[in-house]
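Enquirer: Input: one structure, supplied below.
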Amino acid sequence: MAVLHSSLAPYRLKKLIILPFPYPKPTISTKRLNLFQAMSSSSKSQSSAPVYKVPGLDPEDMDRVADQTFQRYSASPVKRNGKGVAVVWFRNDLRVLDNEALYKAWISSQEVLGVYCVDPRLFGSTHYFGFPKTGALRAQFLIECLADLKKNLMKRGLNLLIQHGKPEEILPSLAEVFGAHTVYAQKETCSEELNVERLVRKGLQRVVLPLSSAQSSGPSSTNNPKLQLLWGTTMYHIDDLPFDTLSLPDVYTQFRKSIEAKCTVRGCIKLPAFLGPPPSIGDWGCVPSLDQFGLQSPNESKGMKFVGGESAALGRVNEYFWKKDFLRIYKHTRNGMLGPDYSTKFSPWLASGSLSPRFIGEEVKRYEKERQANDSTYWVSFELIWRDYFRFLSAKYGNSLFHLGGPRNVEHRWSQDKILFESWRDGRTGYIALRQHERAINHGIHVESGKIVCSFLVRDMGIDWRMGAEWFETCLLDYDPCSNYGNWTYGAGVGNDPREDRYFSIPKQARTYDPEGEYVAYWLPQLESLTKEERNFPGRAYMKQVVPLKFGNTSRHQNQDKALAARGTNFGGRQTKGQRR
């Protein structure tokens, strides 16, 4: 699942994260300078490595592309027969285009109130290990998404009310003040989100509206505001599947072949160009800032800078598909490592709901019609179906997705060695090829990095996979619980598919995806002095390995050690107390 994930977003989360357990101080060899420390100090002065903005468009160009796209997807004038006020509760659907909740609210009312609740629980701690649920990188992206959503709503005659607090407290209060007959929102599938939906519905039931606010006056109608939840997170609609979610195939290929043969993707929902008016409100609230969450601004010194918001998302689709014409070669470049254009990079916007998967599907079809259809154009849809599959699996298996044994309740003895976990988290495993993937995770995500560091943590270290999954929740720019835990249960061998038991060999991955060591040298410029063959495998001159590899050891590269030492390569060795080989 390579292409729909983001890459190398530039932020050093180690400064932000404080794990809830103590660690002994490392001992440092007095004979050699530790490469890890040398890199940490020298990286501050590195300015040659570029920071790529994604999309690579000016703000004016992004707005122009977005406006043109909105125009193409604008509906013809429709008679609006609704009455009163309807609320749109924006959640993980921070967009205007193809937003059914927004359309339903508009068509059923005279005034639409768009609301986003900055829920303090999003900035709390993860369930088992107490990591921060949202790191600074994703928080900044969310802030940009909200600012862009507010701007796009205002262009269409609406606004976005931003409130700090729990939705189950805010929404019933707003419904009572404005006499709103319905709160429309996107349906979610995981337990925390479902619990909030339940609490919101319960809170609305306690609100009694004047009879004139109720939309219908039949014998079954009541004068309580309603919560109407709408499906909008996947390319294929859940109601169009050829089976119910409890009968969902446990093998992806069976699922994919079935829906490709029996289902069609619904068209994007078109909205009128003008959606106003909103209710009269004196203070619409401000887009939050990082310091309100107790976070510091990301340090954009390397990697990727993803711009949040629907305008940026539509700009990226236009840039990748049409302007640069990279869709035609996507399947062949999607597992690259460096640069902004080897893959689509759509996943951060998909995760925040700033980008509709159905819109991507329609753009692929338009590209195939106007330019060409090939295995690359199909592969984008293939990846979107994977994303759909994880979402439907979360509806089928519920909380078992988060349990130690996974959906199949697999029994396995996992370690929760905190010192080993820290070495994995901080990139001090002794495998330089792995270190750069771990750095990429701490800077956002690269899908190959995710698979490789997951495999090392659970297969080679034997560490509880939930520790890795919760750490990803902190770090990943494109985090969503369905894909994250779906991938981790697969990687740990506890997923729904009993055949899924993969091991990713670090040497093999390095030779396959970074044969000339360009990726590791990007993150660690000191490696540029080595030959391309030596960069991924500098041997013992680098750092003692905390655990041996189960398969695919690096012994074939050990004969390089003496040559590196003779050349005086400036690598140091450090072993943390308690680490075992």
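Each residue, glycine too, has its Cβ placed from N, Cα and C.
No curator has checked TrEMBL annotations; they are predicted automatically.
Fair warning: this is a prediction, and the values are worked out from it, not measured in the lab.
Straight from TrEMBL, here's the annotation block:
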- 84-219: domain 'Photolyase/cryptochrome alpha/beta' (DOMAIN)
- Tyr330, 343-347, 383-390, 478-480: FAD binding site (BINDING)
- Trp414: site 'Electron transfer via tryptophanyl radical' (SITE)
- Trp465: site 'Electron transfer via tryptophanyl radical' (SITE)
- Trp488: site 'Electron transfer via tryptophanyl radical' (SITE)
- 558-581: region 'Disordered' (REGION)
Enquirer: Can you tell me how far the Cα of Tyr389 (FAD binding site) sits from the Cα of Trp465 (site 'Electron transfer via tryptophanyl radical'), in Å?
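Expert: Spelling it out, the Cα of Tyr389 (FAD binding site) and the Cα of Trp465 (site 'Electron transfer via tryptophanyl radical') are 21 Å apart.
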Enquirer: On a C-alpha basis, identify the one among Tyr330, Trp386, Tyr479 that is nearest to Trp414 (site 'Electron transfer via tryptophanyl radical'); the candidates are the binding-site residues.
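Expert: Comparing Cα positions, the closest of these binding-site residues turns out to be Tyr479.
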Enquirer: Which is it, of Trp386, Trp465: the one of these recorded positions whose Cβ has the most other Cβ atoms within 10 Å?
Expert: Trp465
Enquirer: To the nearest Å, how far is the Cα of Trp465 (site 'Electron transfer via tryptophanyl radical') from the Cα of Trp386 (FAD binding site)?
Expert: 21
Enquirer: Which residues, sitting 6 or more apart from Trp488 (site 'Electron transfer via tryptophanyl radical') on the same chain, put a CB under 8 Å from its CB?
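Expert: Same-chain residues close to Trp488 (site 'Electron transfer via tryptophanyl radical') (Cβ under 8 Å, separated by 6 or more) are Cys454, Trp465, Arg466, Gly468, Ala469, Phe472.
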Enquirer: Can you tell which of the recorded positions (Tyr389, Trp414, Tyr479) has the fewest other C-beta atoms within 10 angstroms of its C-beta?
Expert: Trp414
Enquirer: What is the total of other Cβ atoms whose distance to the Cβ of Glu383 (FAD binding site) is within 10 Å?
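Expert: The Cβ of Glu383 (FAD binding site) has 25 Cβ neighbours within 10 Å.
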Enquirer: So what pLDDT does the domain 'Photolyase/cryptochrome alpha/beta' (84-219) average out to?
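Expert: Mean model confidence (pLDDT) across the domain 'Photolyase/cryptochrome alpha/beta' (84-219) is 94.
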